[in-house]
Amino acid sequence: MALSPKVYTWLCGCFAALGSILFGYDLGIIASVLPSETFLETVGHPSDNQIGLITSLFLLGAFFGSAPSGVIADAIGRRKAIVVGCVIFIIGGTLQTAAQNLHMMMAGRFLAGWGVGQLAHLAPLFQSEIAHSSIRGRLVYTWLCGCFAALGSILFGYDLGIIASVLPSENFLDTVGHPSDNEIGLITSLFLLGAFFGSAPSGVIADSIGRRKAIVVGCIVFIIGGTLQTAAQNLSMMMAGRFLAGWGVGQLAHLAPLFQSEIAHSSIRGRLTTLQQFFLGIGAFIASFIGYGCYNRLQGTQAQWRLPLGLQLFPAVPLALLIHAFPESPRWLAMKGRHDEALQTLARLHANGNTSDIFVQSELADIRASIEKERQESEGAWSLLFFEPSNRRRLILGIVLQFSVQMTGVSAIQYYAPAIFQEVGFDAGKTLLFQSINSIIALFGEAACVLLVDRLGRRWPLISANAISASTFVIGTAIIAIYPADPDDPSGGNKSAHYAFVIMTWIFNLAFSAAIGPISWAYPVEIFGSATRARGTAITSMAAWIANFMIAQVTPIAFHNIGWKYYLVFAICGYTNALTFWAFFPETKGRKLEEMDEFFKHSGWFVPTAKFTPVSATQRENEMREGNAFGGEDIVDSDSKERIDRTEKV
């Protein structure tokens, strides 16, 4: 019996989001792998820098994975691109699980990151392109498509989390040759570096071969990286795995929200694209408990770190294999002139398969008009992206947003929480428990964002969450400055104050997870036009990974040299982030993707003085059913007061 459109939509969305579990799991599990004595022995007792590299190689791989994900997705489709990301992640996870040395572990980390980077991009990309505007029965299929596309985020979250439990493992350190401090740091940061390089070509790949095929590419790279990490026999193998895993993650992290935004209607686009962060949280949640259990129950064995690293491969495999069971982005199909397929996909997503539905036909006309207009204005997506003023503005906003996310301090907390908590007097076992609790809190915050983002919008949640995160760093810094841990005191100092510091990190994580993290994926993919979306978001993803890599590399050095004063940087940046969002980031809630070009062309840079008429997705759908593809007159430029009649564009 065929699935109803509602069930099919939900299935597609959820399945597409599976990649986020990989991301989240890695985020959580690495924290429990790194302290493992057997892991440390297996990888040759890496130095602190090598330990850091084990973590950052995943992110480096994610960067490289996200780079080509957009091009891959456009060239081979969203589903095939997801398969590629899954395959890469599986290889990376396998290498980590079977790692016999530091090099094998790092290789696995890089490849797993590559796969995650690709999947994290492709999932929301796929989800956005299949989503419908309302929550009536027709939307379930869209939600399922979006969720499935987000599976790549699980790779990201898992890998980022699991490395923290791998690096302290003595068996791991022995296997990779007891790396130096710099090599330990490189294990962490190579993942981020891989994510940077993975995200760089992802837009071109997504545009060339399609969103689905680009996701497959990201999965494949991640699988290679994960396999190298799991099977690592030395430091080089581990680092290679970290880099490739990061590459895959970088590609997937770009492609997922890109795909999600292109299947989504404006009424649920925010919810669908924020699934990226939610699935990332699921991955981190799984990683935290697997890492905690393996670290404490499998001490002295290679399974202490190989098992949690190997488990990251599992979400990548179904994502790579099954992504083609879900529809390609209708906007990518229209870009390639495959209008009949685009119409059928839109009908499947939004009208129970009825290609005669007026909304579906108006939506396709809307998409085609937008694409044709962009082609007339420029011969290529790159020139349109860099030389058209409104596109350049959007590119700047996307890059600023991604850098601002890292300057909240989230990466410092995620990657070095065990070291931070140990500095204030808690042992390794308790710090991993704190990490597990933190992952639960994050899930609640991410779930709240998914439920509320299309009601509350993007702008004010970002402003308020950044202000809250900055305040937690102010309070936490004051606590550590006044009540530092005393190594000469058997009790470790003022434990109540130290627990209060831990609580501040939890509150920070709640604020980040409820707005900053999820919206950072949702906002960039919805502000670009069809011709520039994949490549523009690839660049913004690269900005995210390079900023992430920078924080991962600087944090251990900063902690060593200036200690608690380093937290003040994040406190200041949190407040400046809030001010920046208030001044320059317009609200996009309720607007269709095809109206974003006109919206940004005719709205002022300084948002508080610009005049915007609020819109709703229901209003937009009604207008389209009446034959007005771009909706009514609601954009007023703050200087020229020019009203835009978009109904003439079709």
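Quick reminder: no glycine exception, Cβ is built from N, Cα and C everywhere.
Going by TrEMBL, these are the annotated features:
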| type | residues | note |
| --- | --- | --- |
| COMPBIAS | 638-650 | compositional bias 'Basic and acidic residues' |
| DOMAIN | 145-589 | domain 'Major facilitator superfamily (MFS) profile' |
| REGION | 619-650 | region 'Disordered' |
| TRANSMEM | 7-31 | transmembrane segment |
| TRANSMEM | 51-69 | transmembrane segment |
| TRANSMEM | 81-99 | transmembrane segment |
| TRANSMEM | 139-164 | transmembrane segment |
| TRANSMEM | 184-202 | transmembrane segment |
| TRANSMEM | 214-232 | transmembrane segment |
| TRANSMEM | 278-295 | transmembrane segment |
| TRANSMEM | 395-417 | transmembrane segment |
| TRANSMEM | 432-453 | transmembrane segment |
| TRANSMEM | 465-485 | transmembrane segment |
| TRANSMEM | 497-521 | transmembrane segment |
| TRANSMEM | 542-560 | transmembrane segment |
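For the transmembrane segment (432-453), the most Cβ-contacting stretch among 139-164, 214-232, 465-485, 497-521, 542-560 is 497-521 (pairs under 8 Å).
With a threshold of 8 Å between CB atoms, the same-chain residues lying at least 6 positions outside the transmembrane segment (214-232) that come near it are 16, 19, 22, 42-43, 58, 61, 64-66, 68-119, 121-123, 126, 149, 152, 155, 159, 175-176, 194, 198, 202, 205-206, 238, 240-249, 251-252, 255-256, 259, 306, 309-310, 312-313, 316-317, 319-320, 323. The stretch from 139-164, 465-485, 542-560 with the most CB pairs below 8 A to the transmembrane segment (497-521) is 465-485. Counted over residue pairs 6 or more apart, the CB atoms of the transmembrane segment (184-202) and the transmembrane segment (465-485) come under 8 Å in fewer than three pairs, which marks the two as apart.
Across the domain 'Major facilitator superfamily (MFS) profile' (145-589), the model assigns an average pLDDT of 85.
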